[in-house]
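Data block below; observations after.
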Amino acid sequence: MILASLVTEPVGVAHYLIVGAVLFIAGIVCMATKRNLLGVLMGVELVLNGANVNFIAIGSPYLRGDAASVGLDGQLMALFVIVLAAAEAAVALAIALNFYNTVHTIDVDAADQLRG
Amino acid sequence: MTPERLLPTLLLLAWLAPLASFVVSAIAGSLLSRRHGGQEGGAVDGAAARTIGHVATGAIGVSLVASVLALGAWIAAHPATDGHAPAATAYAGEWFGVLDVGPLHVGAAYYIDALTVVMAVVVTLVATCVHVYSFGYLAEETAAEGLEAVADDEAPTYYGNKLRRAGRLHRFYQHLSLFCFAMLGVVLAGNAVMTFAFWELVGASSYLLIGFYYERPKAAAAATKAMLFNRVGDVGMLVGLMALWGLAGTFDYERLFAMAPTWMASHYGLATLVGAGLFCGCIGKSAQVPLQGWLPDAMAGPTPVSALVHSATMVAAGVFLVGRIYPLLTVEVLVGIASVGAVTLLVGATLASVSHDLKRVLAYSTVSQLGYMMLSLGLGGWTAGLFHLVTHAGFKALLFLGAGSVIHAVGTNDLRAMGGLRRAMPATAGLMLVGALALMGAGVPVLGLGLSGFFSKDAIFEYAVAFARTNPSYAWLFWAPLIGAVLTAAYITRLGLLTFVGQARSEKAEHAHESPESMLVPMAVVAAMAIGAGWAVPGSRLSVPSLLAMSAPEATHHARTGSAWSGVTLPGVESAHEVDVRAAAGWAAIGATLVGVTSALLMHRGGRKCETPAGAPMRQFDEHWLPSVSRGCDAVARRLGAFVSGPLDRGAIDGGLAGAAGLLKSTGGGLRRIQTGSLRQYVFFLALGVVLVSAASLGVALRWING
């Protein structure tokens, strides 16, 4: 019933949230299944962007229907996440490079030196 | 200066001089040996070693002079009175404090009475003689390493040849100084803790001196044995000290003696335990039955040590302590002391009669004489017992020094390898004859003339007779010393016959020669003591017993009855001094001596026959059966030790700890497996966590909306 109403109703916050959830799940699955370190990094980006979509949707005055407000909290939060993601990507790529230099592969399953 | 300031000062000087000598010789010896041999225990130059010996001798000489001056000061302050002196005077006080823990105060305290002063003179006099004598006896110990090193026949080496080592005369004098310091500490001690501390120090220095020839297995074993036997007695002494603390709350002798009558009336049982415990320490130190076994073995040490430590002074410390703590002893304890002494004097005299070893005979003789002293103290003869301690110190030191002179000349302890030595060594033979006569108590009862042992032994017999009269059921305490006196005369006659009379029975005995003057002069000094220690100063009543009697405890002045349980009455001074008692005692003593001498002359046919009747089985008893008692104790201790270290320590305690550690280890090993190191698995757990947290928060939100 809920899904049916989504199809008929105009695009609103709920639609964005569903897109965000799909992105998040896709990212998680990607992280959990990819053996390639770069693929895992892409999964991380998807998870972060799923969260960004949610911030934008919930923080948007147009989607909430009170156009008079100029609340920018959601947008600012999204910008922060993007900056952090950029930084995280830089660090992660550096780790990936060093990892490759050490074990000559970027298969994450080869990184099990901390096994108990 | 008044005596209460003069006496402690003089005796402090006498006490600390040997300590100073010990410290100096310890430092100098270690510096010299390091320079010489490059390592600890290396050789010390012979001249330097002699210098250290001279320092030690000088220190003990200072002690002797100070002690004699103290004796003079005492006599000046306490003129000899007619018969029984007034109540004992004693100067008690403290040089410096050491420890304050709650109610316990311990310090270097002194308790100076006539006994202290006389003992100090005896100890320092014999010690000085022994210091001088040792220069001659241990002359070869000045040898350096190399060709002229000391050759020790009795110490085994890996290659089976003679051990050759550097001399260690400096060590000998160092240990001797330590011993003198410790012994004077026991004599002067003003509280029981100080007595106990120096008691142990005396034992430690005795250990060092017995083990002087530590390369010889016999000497090392004897030193250990002496230490262990004394430990057994000291356990009892510790129990006594604890009971004393519980009873009195102080260790100070002066206060203890003052309050003793009070708690003897209120806590008789505990007071008996105190006395019995403290006497256990005296059993160990004075080699009483059943802890007599260490003293004959201690003869493995150098003979001067046997003369000073193991006959004249250290073993007498047990007797001295009984005399010191006499006011604390109940009648039951005293009768126990007398019984132990009676058994000891019989055992010692019997075994002295059969041994073929010159020093062993004298060692058992010492055991037996210590038994006499204990017997006398136990029967209430305080003055008599301690008087005998003084005279015995003189004549037994003389006998040992004479034995050392003989051994020095013949090179063996075996009586069977001696004989006829009076021709080669007339001076030694004459001096030993004096010692032997003093030991057997030779004298003329009617004229009151005799050697020192005559007077002291007579005094002991007076108490034995008086005690047996008051307590007919304890008559054996009179017969035991009487039989002991026969045996004493017999064994010392045998010793003299086999050593000096007859024909030489070995090549070495034929070529023996007299010892140097440095050995004979000290012997002459102790011989003078052995002759005259019992005499009064001409023209006055001053004598050793009259001096000692000034400090006799109050309790000895009159008869004392024990509890109803034992029903014993100890005779007082006056009943022992009755005319008929004195006459009976005198004739009994001299009669027993004559019987002993005659029977020994007949049995050994003027020195031509070594064996005593029943000698072989008795020696078997001495050398095999008596040690088997301690071997049995050793086996029990080993079993107990094996149980404690095996099932108890390794099994229960170690096992429990190892079990707890193993449990932790296996738990950790199990938990370790979930740390797989696989990144994707961690992400899976992450996602699982997200789902669980989301589901939980959704559930909470729904309930909130619905509720």
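Just so you know, glycine gets a Cβ as well, placed from its N, Cα and C.
Database features (TrEMBL):
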- B:99-141: domain 'NADH-Ubiquinone oxidoreductase (complex I) chain 5 N-terminal' (DOMAIN)
- B:189-467: domain 'NADH:quinone oxidoreductase/Mrp antiporter transmembrane' (DOMAIN)
- B:12-32: transmembrane segment (TRANSMEM)
- B:52-77: transmembrane segment (TRANSMEM)
- B:108-133: transmembrane segment (TRANSMEM)
- B:172-190: transmembrane segment (TRANSMEM)
- B:196-214: transmembrane segment (TRANSMEM)
- B:235-253: transmembrane segment (TRANSMEM)
- B:265-284: transmembrane segment (TRANSMEM)
- B:305-327: transmembrane segment (TRANSMEM)
- B:361-383: transmembrane segment (TRANSMEM)
- B:476-497: transmembrane segment (TRANSMEM)
- B:518-537: transmembrane segment (TRANSMEM)
- B:584-603: transmembrane segment (TRANSMEM)
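Within the chain carrying the transmembrane segment (B:108-133), a Cβ under 8 angstroms from the stretch's Cβ atoms is held by residues 7-8, 11-12, 14, 53, 56-57, 60-61, 63-64, 67-68, 70-71, 74, 78, 88-98, 173, 176, 180, 183-184, 187-191, 194, 252-254, 304-305, 307-308, 312-313, 320, 323-324, 386, 389-390, 393-394, 397, 401, 404, 518-519, 521-523, 525-526, 529, 544, 547-551, all 6 or more beyond its ends. The DSSP breakdown of the domain 'NADH-Ubiquinone oxidoreductase (complex I) chain 5 N-terminal' (B:99-141), given as helix, strand and coil counts, is 27 helix, 12 strand, 4 coil. Sequence-distant contacts of the transmembrane segment (B:476-497) (same chain, at least 6 residues past either end, Cβ-Cβ under 8 Å): 338-339, 342-343, 345-346, 349-350, 352-353, 358, 361-362, 364-365, 368-369, 371-372, 375, 379, 415, 432-433, 436, 439-441, 457, 460-461, 464-465, 467-468, 588-589, 592-597, 599-601, 603-604, 606-607, 612. Sequence-remote contacts of a segment are chain residues at least 6 beyond its ends whose Cβ falls under 8 Å from one of its Cβ atoms, and for the transmembrane segment (B:361-383) they are 282, 286-289, 292, 295-296, 298-299, 306, 310-311, 315-316, 318-319, 322-323, 326, 334-349, 351-352, 355, 389, 392, 396, 399-400, 403, 415, 439, 457, 459-460, 462-464, 466-467, 477, 480-481, 484, 487-488, 491-492, 494-495, 545, 548-549, 552-553, 556, 560, 570-573, 576.
Outside the transmembrane segment (B:52-77) by six or more residues, the chain places 3, 6-7, 10-11, 13-15, 17-18, 20-22, 24-25, 28-29, 44, 114, 117-118, 120-121, 123-125, 127-128, 131-132, 134-135, 169-170, 172-174, 176-177, 180, 184, 542, 547 with a CB less than 8 A from a CB of the stretch. Listed as Cβ neighbours of the transmembrane segment (B:584-603) (distance under 8 Å, sequence separation of 6 or more from its ends, same chain) are residues 440-445, 454, 457-458, 461-462, 464-465, 482-483, 485-491, 493-494, 497, 609, 612-613. Mean predicted confidence for the domain 'NADH-Ubiquinone oxidoreductase (complex I) chain 5 N-terminal' (B:99-141): the pLDDT average there is 91.
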